[in-house]
Amino acid sequence: MRRSDLITLLVLFAMLFAALGSIVAAEWMPGVGVVAWAAALGLLAGTALAYSSFPAWTAHLTSLIYGLFTLGVIGGTHPSIAGEADHWRARTMLLLQKIVAWIEEALNNGASSEPVIFILLLSGLFWALGYTAAWYSFRYQRIWHVILPTGVAMFSNDYYYAGQNPMAPFLLIYLLCAVTLLARSHLAEREAGWLQSHVRFSPALGRWFVVGGLAMATLAGLFGWRLSEATTSAAGRNFLEQLNAPYQELLARWNRLFANLNNNISREVDSYASSVTLSGPRSLTAEPIMDVMAPPARYYWRAASYDHYDGLTWRNTIETTTNAQPFDVNIPLASYAARMPTQADFVLYRGTDSIYAPSQPLRASVGAQAIFERVGNTTVDLVQLKLPVPLLDGNRYTALGSVSIANVAQLRAAPPDYPAWTARYLQLPPQVPARVFDLARNITARAPTAFDKAAAIERWLRDNITYDEQLPAPPPSIEASDYVLFEIRRAYCNYYATAMVVMLRSLGIPARVAVGYAQGDVALDPNIPDRALYRVQGDDSHMWVEVFFTGYGWVEFEPTAGQPPIERFEPQAGATPTLTPTSPPTPTPQPQATESVQAATPTPEPQPLQPDAPADPPRATPPETDGRSEMLQRLRNSGLPYLLLIPLLMAVGLGVLHYLESAGVGRLPAVERAYALITRYAGWLGVGRQRQFTPYEQAEALAQYAPQAASAVQQITDLYVRKRFAPPREAHSRDDAVAALSAWPKARSALRRALLRVRLRRQWRGRRSVR
């Protein structure tokens, strides 16, 4: 190995370990340092195979075998494998089982917490980076094939890491190494061309070239330091997020497949725990939560429900669970009349640990833990689809829910006898005072049916309790519904729903609270009449009431004054409702399965709930700003300042090219200098590498690369030949010098364009060059 190649190898080591060091410093997972073995061995294997006489396919196959063996050793010695198996055969089988299980989860949009899989993938990546870095440095001299893959890995880590450990030093080392490799590669190629073309150059040029390269690397490093800060700024992150938006779903799935990573990215997740406590003032923002595509109707995006109330906290006391597979049809769900199976497609902008579904959940396209209660010998009531690993922003999924389309007459005619399993939805704490029960009886004194009682309480709360999100928390000695109904007469959704459920339960009507989001803003497309887009924001977070009606299941009620009321179809007088089963309206086509629904045919036919009228929940109002500051903010958020760096970099590139053109020929006479310049471009373009060309053969070859420069190149060649080979009295004149100096600028622009075309072709599709 030549001394220059040894220096290149050391620079490659530094660049690879700078990238790996940034990943180790990010602390994604304990034990990531073992990947250094894969990086080092891959680089050494690539160097040995690049210098070997093996053809490319043999070298790559050999590298693959060495790499798999290295990964097997790394995986087999990982604590999660070595701690469970003593012998290497057992370790190998266990490792293969974990890999197969992880692949199955990946194919099914599932989740995994296997640490060894992340170590294996990272080791495979750095083996490949090390091998290709050595291969393209020593076999093909394609430096961009070395720099770009390592840079992508490093910049990706730097962008997605949001912790406190500094990343800029690693980025600075990488940029220094990258520019050094570019400078050395370019100088070596130019020196070979100059020697072949018999162009004189100073031996000190190499030292000055490296010094210039290091100076450029230092400037690039300082820019990189600022870039590292820019990627974590609000404007920079917003600009980069717009660029990688198409990949958000892939990244979100990656996060679920590596759920055990120390995720320092500031991603908030809505957590629907087994309890929710009524608290004081709340402040909701208008941040995007999700987009939902579903048939036009009034919806609640339901995540969970709670049955037990202790005066301040709601709890879910149902603990029966089962693992629900994607679109699982094996859970025997109870069926009710006048319900429509509805499919909704979700795109999340904020994470969640529970599946959102339209109304009562049925199934979803992602696996989850189904929490349910048995309601008969063979059927269950599904309470929640809980995710063992949260979905994150960028995830997409499809959920199927059961939406009630029962009209007023049907609900009024529902039998007053409730099944035994609904007893838990009549529970009340002893601290609820009697005046709450008295108020419920007074409100519903003229209501003959359970539906009329629920509607009367709903209407009374909307009319008599003021909506206020700055409500103080109730004192410890006062029960929450009593506090709202008699002490403060103000509430937001949690308190509205609690007061209504308490009053309904006091009347013997099964009821519970549900949480999730209100439907949000609706965007209707006249070209797609059967689908609507629902944009849900943070201030749509909501709690509402579900009341059980025998034969019809759980039906939503909206007591919160800050939300639009639910509009139900009410048949004309004289129509006689019936519970005779009938076919429901045609549901949206479902993937793999549809709900088996027993519906009722009333007279007239039931209709789905209509979309909300004009009333919208209050939205956050952005602070007022003057036009100038708003324009500057838009400019910063647009990423335009970063785009302005492009002409600056282009100017620097042209300056470097001008320096490379004129290096070593500045003191030559005008004709020799012009000819040396076109000869230099001939070397860069690859002219004359296979055999020595005469000056006129070189001019003819250059004309094929740059036809626009043919005339000027021919003129310079004529002047040079006459000066070198003509009799002394005809060899040179001042006119020849002027002609050479005027011809060179005409040839230069065409030669530069030709060089750019050839370089791009060689870098990405070029043929194998001779070392």
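Every residue gets a Cβ built from N, Cα and C, even glycine.
The compositional bias 'Low complexity' annotation in TrEMBL covers 591-602. What TrEMBL lists as compositional bias 'Pro residues' is 603-621. What TrEMBL lists as domain 'Transglutaminase-like' is 485-561. Look at TrEMBL and you will find 563-628 tagged as region 'Disordered'. The transmembrane segment annotation in TrEMBL covers 31-51, 63-81, 116-136, 168-187, 208-227, 639-660.
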Point to revise | Positions on the same chain near the transmembrane segment (31-51), where near means CB under 8 A and six or more residues out | key: 1, 9, 12-13, 16-17, 20, 23-24, 59, 62-63, 66-67, 70-71, 74, 77-79, 115, 119, 122-124, 126-135, 137-139
Revision key, fill the gap. Residues in the domain 'Transglutaminase-like' (485-561) per DSSP class, helix first, strand next, coil last, are 21 helix, 34 strand, 22 coil
**Study point:** Confidence summary for the domain 'Transglutaminase-like' (485-561), mean pLDDT rounded
**Key:** 95
